[in-house]
Amino acid sequence: MIEIWTEKYRPKSLSEIYGEDENIQKLKSFVEKKELPHLLFAGSVGTGKTSTAIALAIELFGESWKENFIEMNASNENGIDVIRNKIKDIARIRPSNPLGFKILFLDEADQLTAEAQAALRRTMEMYSETTRFVFACNYSSKIIPPIQSRTVVMRFRPVQDEFIKKKLNEIAKNEGFTIDDESMEAMVEVSGGDMRKAINVLQAVYTSGEISPKKIYEIIGYASPESVNKLISRAINGLFDEARQIVDKMMIEDGLSGIDIVKSVHSIVRASVVPPKQKIEIIKALADAEFRIVEGSNDRIQLDALIARIADIGSKIN
């Protein structure tokens, strides 16, 4: 049975969490004092919130961490009845460990309704002796102020490129293979600061038997930078038909959707040497195209319109 690398190589201690030195130092201080406040981890997907919570539990409880760490996902259980019944029942139970409390980790807490959060705040107050709540969310602004004021808020940033490279190289070494520079850069690019995504891509390309930028873009659903650069160049220079042919190839031969193409173009444009004013206009055009496609508009028509807008913007540059 194939083991999932995101689980196999999940950090086992706080020291193994990369790029969050300030947060890790605070957590280590809590561990040393054997005292833990309620916590709120805020940050985008793949920035290490869950891994940090698990590493914290391991350091606090040692080998018995699984018995003292309850993980729930609020997106699956976001109603007030769940708070009043299930979570309340879990929170009231006193654990048998020497610390006298357990951790209830609630992922995607920003998916809870305001009413459910209000009920949860009361549960936190009632059972703070037996349960420490650790919340994880993408947007702290969606967490009601009464909960924020009762937690230590820690913000997690996208993982820096150097730490993603370090982790991927560690995994590759342990699995007995190497990653060439071009493939590494491609994985860093498509991960966008998401460590979990980077590790999943690495396992996927390794399993495919081909570690190359081409395979990476194929697996992740991105167009190759070469194709995207050609598309942008043709569009900016007003070569509408040639740009459409490139889009046709991406969609028909490479199997990319309209959203895939828009995201690929956006990634290249952000790093391009297009003048700032025109770059802003192109990004606005990309945002409009993405919105319309998501709302159900025809991919082909929206991509044609996008090429036309980029051509118009390009005429101002030329």
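The backbone N, Cα and C atoms fix where each Cβ goes, and this holds for glycine too.
As recorded in Swiss-Prot, the features of this protein are as follows:
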BINDING   G43, S44, V45, G46, T47, G48, K49, T50  ATP binding site
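Taking each of the binding-site residues S44, T47, T50 in turn and counting other Cβ atoms within 10 Å of its Cβ gives the largest count for T47. The Cβ neighbour count for K49 (ATP binding site), using a 10 Å radius over every protein chain in view, is 27. Classification of K49 (ATP binding site) by DSSP places it within a helix. It is G43, among the binding-site residues G43, G48, whose Cβ has the fewest other Cβ atoms within 10 Å in the structure shown. If you draw a 10 Å sphere around the CB of G46 (ATP binding site), it holds 23 other CB atoms from the protein chains shown.
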